[in-house]
Amino acid sequence: MIFAANLKCNHTRASFKIYAEILNKTMGAKCDDIIVFPPSVAFLENENNFMQGAQNFYPCVNGAFTGELGKEHLDEFGIKCVLIGHSERRALGDEELIKVKFNFAKEHGYKIIFCIGENLDTKNSGKTLEFLKKQLEIIDLNYEKLIIAYEPIYSIGTGVSAQTADIAKVLEFLASLTKVPLLYGGSVNENNIKEILSVNHCGGVLIGSAALKVENFIKLIKG
(Lines of atoms letter the chains of each structure in order from A; the text may use other names.)
(Lines give C-alpha, C1' and ligand atoms only; values in the text may rest on other atoms or scores of the structure.)
Protein backbone atom coordinates (compact mmCIF):
# COMPACT_ATOMS: atom_id res chain seq x y z
CA MET A 1 0.00 0.00 0.00
CA ILE A 2 1.08 3.56 -0.73
CA PHE A 3 0.66 6.18 1.99
CA ALA A 4 1.24 9.73 0.75
CA ALA A 5 0.94 12.87 2.89
CA ASN A 6 0.34 16.26 1.28
CA LEU A 7 1.27 18.81 3.94
CA LYS A 8 0.25 21.72 1.68
CA CYS A 9 1.13 25.16 3.11
CA ASN A 10 1.88 23.76 6.57
CA HIS A 11 5.12 23.16 8.48
CA THR A 12 8.34 25.14 8.54
CA ARG A 13 11.80 23.76 7.87
CA ALA A 14 12.30 23.38 11.62
CA SER A 15 8.99 21.63 12.31
CA PHE A 16 9.30 19.34 9.29
CA LYS A 17 12.77 18.31 10.42
CA ILE A 18 11.19 17.04 13.65
CA TYR A 19 8.37 15.41 11.66
CA ALA A 20 10.92 13.59 9.49
CA GLU A 21 13.05 12.49 12.45
CA ILE A 22 10.04 10.87 14.15
CA LEU A 23 8.87 9.23 10.92
CA ASN A 24 12.37 7.96 10.12
CA LYS A 25 12.77 6.47 13.59
CA THR A 26 9.36 4.80 13.48
CA MET A 27 9.89 3.30 10.04
CA GLY A 28 13.38 2.02 10.72
CA ALA A 29 14.10 1.13 7.08
CA LYS A 30 13.65 2.91 3.77
CA CYS A 31 10.27 2.54 2.08
CA ASP A 32 9.40 4.38 -1.13
CA ASP A 33 5.72 3.59 -0.60
CA ILE A 34 5.66 6.22 2.16
CA ILE A 35 5.73 9.63 0.46
CA VAL A 36 5.61 13.05 2.11
CA PHE A 37 5.09 16.31 0.25
CA PRO A 38 6.31 19.16 2.48
CA PRO A 39 6.33 22.85 1.46
CA SER A 40 9.37 23.48 -0.74
CA VAL A 41 10.99 25.74 1.88
CA ALA A 42 11.01 22.75 4.23
CA PHE A 43 12.80 20.29 1.91
CA LEU A 44 15.44 18.31 3.77
CA GLU A 45 18.86 17.48 2.32
CA ASN A 46 19.50 14.39 4.41
CA GLU A 47 18.55 10.83 3.48
CA ASN A 48 15.18 9.72 4.82
CA ASN A 49 13.41 6.41 5.21
CA PHE A 50 10.48 7.85 3.27
CA MET A 51 10.32 9.46 -0.16
CA GLN A 52 10.24 13.25 -0.13
CA GLY A 53 8.14 14.78 -2.90
CA ALA A 54 7.41 18.19 -4.41
CA GLN A 55 3.91 19.65 -4.25
CA ASN A 56 4.65 21.87 -7.23
CA PHE A 57 7.38 22.63 -9.77
CA TYR A 58 7.88 24.45 -13.05
CA PRO A 59 8.76 22.40 -16.17
CA CYS A 60 12.29 23.74 -16.58
CA VAL A 61 15.78 22.97 -15.38
CA ASN A 62 16.31 26.62 -14.46
CA GLY A 63 15.75 29.98 -16.12
CA ALA A 64 13.93 33.32 -16.01
CA PHE A 65 10.80 32.07 -14.24
CA THR A 66 10.30 34.29 -11.22
CA GLY A 67 9.15 32.50 -8.09
CA GLU A 68 9.26 29.02 -9.62
CA LEU A 69 11.07 25.78 -8.72
CA GLY A 70 13.00 24.05 -11.49
CA LYS A 71 14.56 20.62 -11.79
CA GLU A 72 17.89 22.02 -10.62
CA HIS A 73 16.32 22.96 -7.28
CA LEU A 74 14.57 19.61 -6.86
CA ASP A 75 17.80 17.77 -7.66
CA GLU A 76 19.62 19.57 -4.87
CA PHE A 77 17.30 17.89 -2.36
CA GLY A 78 17.13 14.54 -4.13
CA ILE A 79 13.46 15.00 -5.05
CA LYS A 80 12.33 12.17 -7.34
CA CYS A 81 8.56 12.39 -6.90
CA VAL A 82 6.16 15.17 -7.90
CA LEU A 83 2.48 15.94 -7.43
CA ILE A 84 0.67 17.10 -10.57
CA GLY A 85 -2.94 18.17 -11.11
CA HIS A 86 -4.09 18.75 -7.54
CA SER A 87 -7.40 20.62 -7.59
CA GLU A 88 -5.96 23.43 -5.46
CA ARG A 89 -3.33 24.01 -8.15
CA ARG A 90 -5.86 23.70 -10.97
CA ALA A 91 -7.99 26.35 -9.24
CA LEU A 92 -5.03 28.74 -9.38
CA GLY A 93 -4.80 28.45 -13.16
CA ASP A 94 -2.41 25.50 -13.36
CA GLU A 95 -4.68 23.64 -15.79
CA GLU A 96 -2.90 24.70 -18.98
CA LEU A 97 0.50 23.65 -17.60
CA ILE A 98 -0.54 20.17 -16.53
CA LYS A 99 0.30 18.36 -19.78
CA VAL A 100 3.64 20.19 -20.07
CA LYS A 101 4.48 19.37 -16.45
CA PHE A 102 3.61 15.72 -16.93
CA ASN A 103 5.73 15.38 -20.06
CA PHE A 104 8.68 17.13 -18.40
CA ALA A 105 8.46 14.93 -15.30
CA LYS A 106 8.16 11.81 -17.45
CA GLU A 107 11.15 12.84 -19.59
CA HIS A 108 13.27 13.19 -16.45
CA GLY A 109 12.08 9.97 -14.83
CA TYR A 110 10.15 11.33 -11.88
CA LYS A 111 7.58 9.32 -9.99
CA ILE A 112 4.31 11.18 -10.62
CA ILE A 113 1.21 11.25 -8.46
CA PHE A 114 -1.38 12.63 -10.86
CA CYS A 115 -4.52 13.96 -9.21
CA ILE A 116 -7.97 13.89 -10.76
CA GLY A 117 -11.41 14.59 -9.33
CA GLU A 118 -14.81 16.04 -10.04
CA ASN A 119 -16.85 18.72 -8.28
CA LEU A 120 -20.27 18.13 -6.76
CA ASP A 121 -22.16 19.47 -9.79
CA THR A 122 -20.41 16.99 -12.07
CA LYS A 123 -21.12 14.14 -9.66
CA ASN A 124 -24.79 15.08 -9.29
CA SER A 125 -25.20 15.29 -13.06
CA GLY A 126 -23.92 11.72 -13.42
CA LYS A 127 -20.90 12.72 -15.50
CA THR A 128 -18.11 11.71 -13.12
CA LEU A 129 -16.53 8.97 -15.24
CA GLU A 130 -16.72 11.02 -18.42
CA PHE A 131 -15.07 13.95 -16.64
CA LEU A 132 -12.27 11.86 -15.14
CA LYS A 133 -11.52 10.18 -18.46
CA LYS A 134 -11.13 13.60 -20.06
CA GLN A 135 -8.69 14.66 -17.32
CA LEU A 136 -6.57 11.62 -18.14
CA GLU A 137 -6.55 12.04 -21.91
CA ILE A 138 -3.57 14.41 -21.84
CA ILE A 139 -1.15 12.02 -20.08
CA ASP A 140 0.53 8.70 -20.81
CA LEU A 141 -1.38 6.11 -18.80
CA ASN A 142 1.34 3.55 -19.47
CA TYR A 143 4.15 5.54 -17.85
CA GLU A 144 5.79 3.08 -15.47
CA LYS A 145 6.31 5.62 -12.68
CA LEU A 146 2.75 6.96 -12.72
CA ILE A 147 0.35 6.81 -9.77
CA ILE A 148 -3.19 8.17 -10.11
CA ALA A 149 -4.92 9.74 -7.11
CA TYR A 150 -8.69 10.11 -7.25
CA GLU A 151 -9.62 13.11 -5.11
CA PRO A 152 -13.23 14.26 -5.50
CA ILE A 153 -13.15 18.02 -5.03
CA TYR A 154 -16.20 18.00 -2.78
CA SER A 155 -14.29 15.84 -0.26
CA ILE A 156 -11.02 17.77 -0.08
CA GLY A 157 -10.71 19.56 3.26
CA THR A 158 -14.40 19.16 4.06
CA GLY A 159 -14.12 16.29 6.51
CA VAL A 160 -16.63 14.35 4.40
CA SER A 161 -15.17 11.51 2.37
CA ALA A 162 -16.85 10.17 -0.76
CA GLN A 163 -19.14 7.19 -0.27
CA THR A 164 -17.35 3.85 -0.48
CA ALA A 165 -19.62 2.73 -3.32
CA ASP A 166 -18.70 5.84 -5.32
CA ILE A 167 -14.99 5.28 -4.69
CA ALA A 168 -15.31 1.65 -5.77
CA LYS A 169 -17.12 2.63 -8.98
CA VAL A 170 -14.47 5.17 -9.92
CA LEU A 171 -11.50 2.92 -9.12
CA GLU A 172 -13.09 0.07 -11.10
CA PHE A 173 -13.40 2.44 -14.06
CA LEU A 174 -9.83 3.72 -13.71
CA ALA A 175 -8.52 0.16 -13.48
CA SER A 176 -10.10 -0.51 -16.87
CA LEU A 177 -8.05 2.34 -18.36
CA THR A 178 -4.63 1.72 -16.81
CA LYS A 179 -2.63 -0.75 -14.75
CA VAL A 180 -0.84 1.87 -12.61
CA PRO A 181 -1.45 2.12 -8.83
CA LEU A 182 -4.64 3.94 -7.84
CA LEU A 183 -4.99 6.03 -4.68
CA TYR A 184 -7.95 7.68 -3.00
CA GLY A 185 -7.69 11.11 -1.40
CA GLY A 186 -10.26 13.40 0.19
CA SER A 187 -10.84 13.63 3.94
CA VAL A 188 -9.05 10.36 4.67
CA ASN A 189 -8.82 9.86 8.44
CA GLU A 190 -8.50 7.16 11.10
CA ASN A 191 -12.26 6.56 11.05
CA ASN A 192 -12.51 5.69 7.36
CA ILE A 193 -9.07 4.59 6.18
CA LYS A 194 -9.61 0.85 6.72
CA GLU A 195 -12.84 0.88 4.74
CA ILE A 196 -11.25 2.90 1.94
CA LEU A 197 -8.20 0.61 1.71
CA SER A 198 -10.50 -2.41 1.48
CA VAL A 199 -12.05 -1.11 -1.75
CA ASN A 200 -11.10 -3.19 -4.79
CA HIS A 201 -8.27 -1.65 -6.85
CA CYS A 202 -7.34 0.79 -4.06
CA GLY A 203 -3.56 0.80 -3.82
CA GLY A 204 -3.26 3.41 -1.11
CA VAL A 205 -4.25 6.88 0.04
CA LEU A 206 -3.26 10.52 -0.41
CA ILE A 207 -3.80 12.16 2.97
CA GLY A 208 -4.13 15.86 3.75
CA SER A 209 -5.01 17.38 7.12
CA ALA A 210 -5.02 14.03 8.94
CA ALA A 211 -1.29 13.73 8.24
CA LEU A 212 -0.22 17.18 9.44
CA LYS A 213 0.79 15.69 12.79
CA VAL A 214 3.35 12.96 12.26
CA GLU A 215 1.86 10.87 15.07
CA ASN A 216 -1.46 10.80 13.22
CA PHE A 217 0.21 9.89 9.93
CA ILE A 218 2.01 7.00 11.63
CA LYS A 219 -1.29 5.75 13.09
CA LEU A 220 -2.83 5.78 9.62
CA ILE A 221 0.11 3.87 8.17
CA LYS A 222 0.03 1.27 10.92
CA GLY A 223 -3.75 0.92 10.71
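A Cβ is built for glycine as well, from the same backbone N, Cα and C atoms used for every other residue.
Look at Swiss-Prot and you will find Asn6, Leu7, Lys8, Gly157, Ser187 tagged as substrate binding site, backed by sequence analysis. What Swiss-Prot lists as active site, electrophile is His86, and the listing cites sequence analysis. Per Swiss-Prot, the feature active site, proton acceptor maps to Glu151.
Structure coloured by features recorded in Swiss-Prot.
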residue	record	DSSP class
Asn6	substrate binding site	strand
His86	active site, electrophile	coil
Glu151	active site, proton acceptor	coil
Gly157	substrate binding site	coil
Ser187	substrate binding site	coil
Would you pick out, from the binding-site residues Asn6, Ser187, the residue whose Cβ has the largest number of other Cβ atoms within 10 Å?
Asn6
Distance from His86 (active site, electrophile) back to Leu7 (substrate binding site), taken between C-alpha atoms, in Å:
13
Spatial neighbours, same chain, of Lys8 (substrate binding site) - Cβ under 8 Å, 6+ residues apart:
Pro39, Gln55, Glu88, Gly208
C-alpha of Glu151 (active site, proton acceptor) to C-alpha of His86 (active site, electrophile): distance in Å?
8
Compare the Cα of His86 (active site, electrophile) against each of the binding-site residues Asn6, Gly157, Ser187 and report the nearest.
Asn6
Compare all C-alpha positions of Asn6, Leu7, Lys8, Gly157, Ser187, the record's substrate binders, and send over the largest distance in angstrom.
14
In the structure shown, which of the recorded positions Leu7, His86, Glu151, Gly157 has the fewest other Cβ atoms within 10 Å?
Gly157
Write out, in the order they occur in the sequence, the residues of the chain not among Asn6, Leu7, Lys8, Gly157, Ser187 that have a C-beta within 8 Å of the mean position of the C-beta atoms of the recorded substrate site.
Ile156, Ile207, Gly208, Ser209, Ala211, Leu212
